[in-house]
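Now, the feature entries from Swiss-Prot:
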BINDING   G371, R372, S373, G374, A375, G376, K377, S378  ATP binding site
DOMAIN    20-303  domain 'ABC transmembrane type-1'
DOMAIN    336-572  domain 'ABC transporter'
TRANSMEM  21-41  transmembrane segment
TRANSMEM  57-77  transmembrane segment
TRANSMEM  135-155  transmembrane segment
TRANSMEM  158-178  transmembrane segment
TRANSMEM  242-262  transmembrane segment
TRANSMEM  277-297  transmembrane segment
Amino acid sequence: MDIKLLYRLAKYLRCYKKDLIIVMISLLSVSASLLLIGSVFRNLVDKGLSKDHISSVDNSILYICLLIIILSIASFFRSYFINNVAEKAVNQIRKEAYSNLINYEIEEFEELKIGDIISRLTNDIDQISTLIVNFLSFFIRNSVMLIGSITLMFFESFKLASIVIITIPILLIPLIKFGKHVKVLSKKALESKSLLASDINETFNNIRAIYAFNHQINKIADFDTKLQNYLIYCKTRLKIRALFFAISIAVIFLAITLVVWIGASDIVKGHLSAGQIISFIYYAIIAGVSCGGIFELLSEMHLPVTALERIITIIDKTPIAHNNYLELNNSDPISIEFKNVDFTYHSRPNLRIINNMSLKINANKFLGIVGRSGAGKSTVIQLLLRFYRQENGTILINNQDITLLNPAEIRKLIAYVPQEASIFSGTIKSNIIFGNNEASDDEINEIIKITGIEEFAAKLHDGINAKIGERGVRLSGGQKQRIAIARALLRMPQILLLDEAMSALDTMSEQKLLESIKKIMRGNIIISIAHRISSIESADYILVIDKGGVVAEGSHNDLSKNSEIYRNICREQLTI
């Protein structure tokens, strides 16, 4: 077991010292009660039954009942407080892991699967709870009882105790042999389980596509393949565990049988009393059960320890911190400038997306961006939001290099509406005020009216307080986009970024909404990426992007005359 990992876990347990003291006292009480019962048995046999002293029998039974009561009460406190500590500790770990994850760089999520994240924050952390309970409760209890029972066995009979001690190294051999193999299998089992979680997440996020293409049978077969892979690791691990358990039981009970055989001979010879052998066998059984329990726990520790290791990697991967950010100059009219910017995604290192791009946009302007798929249009927005950092060149906001500014401060200036509207489970209203939870009811109602939400919300039973389901499953694509736009406008941004934000609306609705947006954003900047020319036809000027660079710019009329690429895009849409 990795001591460093356990030390890290101990850091989360330190703030629950009082609870842990109660757990330790309870553990010692449980162990002491069980061990004392052995000496009571010896007195019962030697002084009570053998000499026919009924009072000794009564006293022994009374002591046993008293010890059982202490055992029961102590067991209650042990179980309650250790599980309570485990729940509080894992909640703190879960919160810390979640807080770290949510502050990762965006590009790091390209390498992570959502299912793997979910699995780590749920299944892995549940395994850590098991680790806390098993180690602080059962492992320590069994260790105390093992040491105590062996010590008492030596007091009863040195010879018989030595026989029992010999069995421990015999049990250590298979534990060491199988341990490394089980650790590898545990890691693979957790990784395989994460793949299952990813598959489930992906399947039900795309359930409509699966139905539309009749892919249910294919998805079931694919899921079954992943399930069988997971099962193989689990079965192999369980076989090793079962084999070790069988070996442990055999060795322990053979040792007890040998003790009984030799002990019976010593009773006949008068070297031991009947009470001593009964007491010794009782301690031997406790030692055997405790030893078996310890080895069983050690063989099972690999899974939760691996889970802890996976969570610690999340917690230790702290976001890049900068303490020397410049103060954002927000007194001048808003402006944006790209100077010779290059960019390549880490996940696609051989494909340059932005190539020596330069552009400038000042306040009170509406900039449209067009280009073919993969030209780099959306990447412009991603860079402006500081989701990624450019390789070369400079991006300026208000003539300040954005790499020297706090990303959170930059994003306060911006409202972003992606093509696939980000809708959270909850109500229409809760999704809108996500953009500005300090907005007044009058401001919310005004935005709802402008974006056309009022019209469809009025048909719902609870209006804007209607539940819309996970990811807005009860809404149409156009309704989701209206909510996303309302959220952005409620933020009162200086820069509004629209990435195919009205693609689900008809042309008439789009134009009406666009006019409202332009009025609200007067004096600020609108950047709109569009495949549909009607979305940016009224822009002050339009950039045509191809192969990561600006190949033409101007008004719609200018580009219709002077840009072959722009004319082709317009012609293709007219053909459609």
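Each residue, glycine too, has its Cβ placed from N, Cα and C.
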Lowest local Cβ density among G371, G374, G376, which the record lists as binding-site residues, within 10 Å: G374
The one of S373, S378 whose CB sees the fewest other CB atoms within 10 Å, among these binding-site residues: S373
Touch test for the transmembrane segment (21-41) and the transmembrane segment (242-262), at least 3 Cβ pairs under 8 Å: no
Cβ neighbour count within 10 Å of R372 (ATP binding site): 15
Contact check, the transmembrane segment (277-297) vs the transmembrane segment (57-77), 3+ Cβ pairs under 8 Å, seq sep 6+: no
Set of same-chain residues at least 6 away whose C-beta sits under 8 angstroms from K377 (ATP binding site): I369, V370, G371, D499, I529, I545
Folded-back contacts onto the transmembrane segment (57-77), same chain, C-beta under 8 angstroms, at least six residues removed: 22-23, 25-27, 29-30, 33-34, 36-37, 40-41, 43-44, 48-49
Cβ neighbours within the same chain of A375 (ATP binding site) - under 8 Å, at least six residues apart: I545, D546, K547, G548
Segment confidence, the domain 'ABC transporter' (336-572), expressed as mean pLDDT: 88
G371, R372, S373, G374, A375, G376, K377, S378 excluded, remaining Cβ within 8 Å of their centroid (ATP): I545, D546
